[in-house]
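The next block holds one structure in the form of structure tokens; read it before the comments.
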Amino acid sequence: MNIHEYQAKAIFADNGILTLKGKVAFSVDEAVSNAKELGGSVWAVKAQIHAGGRGLGGGVKIAKNLDEVKDYASKILGMNLVTHQTGPEGKLVQKLYIESGANIVKEYYLAILFNRMAEQITIIASSEGGMDIEKVAKESPGKIAKVGIDPQIGFKMFHGLEVARVLGLDKDEGKKLISMIAKLYKLYMDKDMNMLEINPLIKTAEGDFYALDAKCSFDDSALYRHPEIAELRDITEENPAEREAAEFGLSYVKLDGDVACMVNGAGLAMATMDIINYSGAKPANFLDVGGGASPETVAKAFEIILRDKNVKVIFINIFGGIVRCDRIANGILEATKNVEVNIPIVVRLDGTNAAEAKTILDNSNLKNIKAATNLKNGAELVKSLVG
């Protein structure tokens with residue numbers, strides 16, 4: 001689960017992590033009122049959406065007087081903000097964060113995340129803050145520190161010293177940053193986060209470190225332990241189809257392609273998407289129907305993916321282990337009773353009750369179903385149908 005910048009900063013402040021003063025606004029008048037209340041002569045007017053790249057998309061502006069606060073707020077509030085993380089459809093800006101300015105001497109990048117391959121918590125830090133960290137990693141890898149932490153040991157001084165060394169901090173600056181990272185690490189662990197990112201982390205003229213931005217992502221499976229975090233969920237920021245799918249036990253993520261995928265198992269779903277890409281087509285979604293799929297959930301999956309007007313072909317790839325292939329076949333028939341399907345369906349069914357499933361589909365009057373003999377053949381069929 002993701003939360004907004006202003007919510008993340010409130011959590012930071014409650015845990016002793018320095019942030020600039022700021023207030024959320026839901027209208028232009030409230031934005032101006034907040035700026036007056038905060039005082040000063042410089043304010044940041046920030047769009048609050050669950051996506052990065054807001055600045056490049058025009059969603060973050062620096063105002064040097066109240067008239068500019070009003071002007072920027074009126075332009076940003078209600079805009080459809082498109083960034084590299086929103087996709088071409090963008091996100092509607094429904095709230096702003098008005099934040100006091102700061103005397104910035106240097107910008108850094110700092111993140112804490114879980115490295116599944118190494119089975120460690122990893123701190124990523126860079127002296128190049130406020131930039132795309134992937135670009136920095138590609139062009140200047142020496143400017144990035146990657147420090148692995150064994151969760152059984154936790155964050156120690158030597159971890160922080162390595163970060164401070166790569167960032168080029170002096171002794172006093174290093175002490176301040178290490179203290180901040182220790183608090184962030186504890187917060188990351190205590191709140192069951194998947195990712196914590198500050199970009200940029202700033203150093204002021206006074207030598208203090210502040211989180212100028214804040215992104216926090218939490219483990220959905222652990223939210224029952226943190227009702228105070230669960231209350232921060234903003235469902236207006238979530239894809240309606242993804243939210244509906246979750247209510248039916250389906251794992252669905254919308255993508256930008258034109259080949260809809262319906263698969264059982266996350267690993268097979270990823271492999272299916274890979275081979276679709278390899279064939280030259282583009283997947284329109286990730287969709288895992290899970291091991292307990294019923295005809296009803298399969299029908300719901302059909303209903304959801306067919307709402308995507310970009311979809312030209314549906315690729316159903318099922319390996320019957322826990323889920324039986326005949327259930328999937330019956331689900332396909334159930335779906336076509338309630339939803340008109342005018343696009344081709346490529347089906348690859350293997351495993352438990354695959355023969356029965358084939359019989360069910362063969363005996364149906366569905367004329368737009370094509371059977372695939374294997375995964376590669378399925379991808380080739382999909383590509384030929386997409387064109």
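Backbone N, Cα and C atoms are what each Cβ position is placed from, and that goes for glycine too.
The model shown is predicted, which means the values in this text are computed figures rather than measured ones.
The substrate site recorded in Swiss-Prot includes Gly321, Ile322, Val323, and the single candidate from Asn239, Asn264, Asn374, Asn377 that the record places there is Asn264. Note: the Cα of Asn199 (Mg(2+) binding site) and the Cα of Lys46 (ATP binding site) are spaced 14 Å from each other. Largest Cα to Cα distance within the recorded ATP binders Lys46, Gly53, Arg54, Gly55, Glu99, Ala102, Glu107: about 21 Å as a whole number. For Gly55 (ATP binding site), the nearest neighbour among the listed binding-site residues (Asp213, Asn264, Gly321, Ile322, Val323), judged by C-alpha distance, is Asp213. The two recorded residues, Lys46 (ATP binding site) and Gly321 (substrate binding site), show a Cα separation of 49 Å. If you take the C-beta of Glu99 (ATP binding site) and look for same-chain residues 6 or more apart in sequence within under 8 angstroms, you find Leu20, Lys21, Gly22, Leu38, Trp43, Ala44, Lys46. Its Cβ placed at the centre, Ile322 (substrate binding site) has 13 other Cβ atoms within 10 Å.
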